[in-house]
Amino acid sequence: MTNPEQLKRILSHEVLLKIEMSKNGIVEYANPAFFELIGYEGDLFQCSFYEYLQSDDEHLMKKATDNLFRKSISVAHVFAFLRCNPIRSPNYYIQQAKAPFEGKTYIRMLFRGILVDSLYGKDTRVLWAGKYLYPQRSVINEMDFILFNTLGIGAFILHDHLLGIIKYNYIHVPPPSGKLCSLCEDNLPEWYFEVHSDFCLVWNDLVRRVFAVQQLINCKKLEIEDIVNKLPTGSNHMVEETFLSLPVITVFNGKKNRKQRFRIRSWRSSLNFLVKELDKSIKNFAYLEHRTFLTISNSAAKDMKREIYEKSLVNWEYDFLVPSKIQDYFYDVHSLLLKNLSSKIKLCNHILMYQATFNEVKNFLQTYSLNMLSIEMENIEGSLYFGNAQLSNLICVNQYLSEQRPVFFNRLLALGNVENNNSIYDDIQKRTERISTIKRHKKYFEIGERLTEKDLIVSKTFKTTRIDYFKAVKGSIEDLDVRPLKNRQKFVNKFYASIVHFLTESMQFPSHNDRRFGDNTPHSLDEFILLKEINRGAYGRVYLAKKRSSGKYFALKMIPKSSLDSLKKIKGLLLEKRNMHIQRYGPNTVKLYYAFDSGDYLCLVMDYFNGGDCETLIQKLGPLPEQWVCQYAAELLNAIELLHQDGIIHHDIKPANMLVDETGHIRLTDFGLSENVEEKKEVYKLTKRMSFEQKHGNLYEQLQPKKFEFVRYVRNYRGNIDELEKAESPQQNSDYANDSVQHLLDFDINNMDETAIHMLMNQLEKKENRTFIKKDISGTPNYMAPEILMGVDTQMGDIWAMGCVIFEMLTGTRPFEANTVKAIWARIERNDIGWTKRVKESCSKEAVDLITKLMDPDCNKRLGSNGYQEIKKHPFFRTIKWDNLNSGPGPFVPQTENVEDLTYFEKNISGSDNINKNNCQTSATLILNGIFAFHPPPKATPADSGTETSNSAAFSASEEETTNLTDQKRKDLFSLITKAFKGIDLKALNYNNKATLLRMYDEVDFPKNQQRNKEKFRIQKRPNKKYRYHLF
């Protein structure tokens, strides 16, 4: 049986896989989670889904797919082992297959599949939703296996709630409490929260893709309109415009099954035709915003999909007899319209899967709850249900029907879950017989009521004959008018109307229109209530803010646009947003949720923790106990490891950037100086390796037109960017080889926001020296590694800073203290760590050894250069359990009056001997100081030896090589920054949903039942009959 800790770790990493495949198993579409799991970088290649399954499971998947295409079933369930990349998956949900070969690893999953239409509606595909399934997972004996693995942790909550309904009068049992989904901000019942959050994540991702395509359509329309306005009024001035260079358009009429061909008479008319098609798509998108929602209604989902087909179907094709200058525009527009339709269809298919899952859960829930009632009915006192005639009679009669009770419930309720059951109900009606003689069964009915022949029904289904005994109680069955039943489920709903109503209403099932289509990204500060100022820096302030729609608290960072007066500052801000977005969120990093432009400010919405930071903790408490420091250092190392695995170097690790959350654990923040070096190196290699013509040809072969679409859009802004580059680099030729936006072809672009970020980052780089060794150095002087001062940028600089942080937390002072920045750097170069006799005696030998090895001046010999495991195995961390690092409360749990209490952020500089007011880490370098840059100092001179306040902001301003922007240049640049900056981070919001699941887990009492055998749940298929669960 799975222990609770293992289940807890599983919940925190579980994701929903979505795969669309053709009948022969070719993957036509899959969400990024699938490609990440199998270890493929990207999502554009077509592969065989069967190749990633274990050989034994391949046959089951093909059989289920064939049944779906033959429409013998509507929903299929398959347990299968999916091959995965062990590097991308945590060890605790990877297991070797039964017969491993070539070192491949597999994950056991439950796949749920339905049949969906393809792009043109001609062919059909199977949409599979995959969810991790773990062996030896705790199972509730009375609950259906599929229902359990669908609800996840909610199964335990539902089980406990139904037990309360049975034990007490259901009228007096409150409905399940609700939890707020961070993605959609809807309140969902706890038992359904995991199902909803999985589907909600995919739904939001698909919505973002629809928005991204629509943005490209808007840009393309503006571009073509601009070209039309620049065309001369007559065709005499255009020598290239010939009869053969005009497009031939083929229009298909689906209703009459005809097609019409015609040639457009001029280039102007041709471009106007494209503008008209784009305008039609824009109007349809406006309709979609008011129509599409995540629905549980099957009819609503199908109607929605049909309307999208009718309004967005691309019913025309084009052809050119000779190459033409406008040929690319036709290719771009036609590709965009197809992509627009494809993204909407994927969204509708996902809604159909959500609807199928919802109905499946609902049917299983009714069966499970009623079976559960039948099991527990013998121990219920009838007096608890006084006033409810149906339940009272049922409880009374149940004592006399104990022998036939399983037959009654199992036979009756099984029919409610048969898909497409109209034919079966007709068969039941034909096979139902009346029995005139009931004396032989009189021994089962002791109450003395007069029975009629309609009290007994012989049901002959699935070639079996069973006698279901119904007790006729006055005021219940006879009043319900039980005739030869045309629909058994109708009888169930009538006989247990109050229970069914309770399950569907009081259990707070989601409504039909709980999720409207739209972008949830905030658009202005009006969506937040600014409560208190948390901190301020050189270029902005951080406020405690409350979101009006959800009531959640966030830290809102506001950066005035007027403060971004140089390219370096703009680059630092975009890097902060970019690196917070691409990191894999762990329990020890601050998450970024939203970024938006609000008039005069650029805003970042992040995690809020009111426990203060470690710098304030050291100020108020002095040197921290070694047990505290050991836990804090381990959590800091965990955060650094995750960042480095994503190629992110933090550059500014210090106690002021280590926040304390409400449970006492560390959260690393402030990514203003961070940089993704690995990504830049890869981009540089791609740019140098391939010429523009090679890239152009390869991309056409790979059918990736979306990159060209955005490149042409970006070229509209090229003039503005080139003006900015003139201040930094010599004039370049304007040929294709030096095209300032050609590098965009090197990227895998999923939406325009990501593309704009790449483009801006590249434009803000120095053009005259294309190297990735930084000329300047970033960070806070006291925590800089020696190689950073030499201009060498490595990940080991963060490890050095970690050693400095451990030293400061243990001693209350920094390892390199001085009155000036230059003096600090001189001590760093000499490796003059502040090891006084008193300091060494106050630390353990293990702590001294760890700090010394972490601060080795040679980065190649520094502890951790051979992997982070050698740091974790150091004796200083011997008491740390790395698998359960963040379980339980931390060393110091903040005690605040309420969420808005900011007591722990109050500095106490005057009352502490450990913090020098004139030291190099002043308030100017705290949380908002994300764009300072420091350069190696020149050799000391007598004039430099005097006292100096050494404010890092003043030092940076005097030495920084900045390019000040004029008002016009800033205006032009901000037009691109707005597109690159705003966005919503689904990964961070989903992480919050997982945290909610973990808190729900902590409140669950896990049953100690024996694990049910998988084979026990295989329903034997009866020849030529539809069976209940379709489980393979």
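Each residue, glycine too, has its Cβ placed from N, Cα and C.
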Range annotated as region 'Disordered' in Swiss-Prot, from 418-443, 938-963: 938-963
Cβ atoms near V542 (ATP binding site) (within 10 Å, other residues, all chains): 23
Count of other CB atoms lying within 10 Å of the CB belonging to R536 (ATP binding site): 16
Length of the line joining the Cα atoms of I534 (ATP binding site) and D652 (active site, proton acceptor), in Å: 20
Reduced DSSP assignment, G540 (ATP binding site): coil
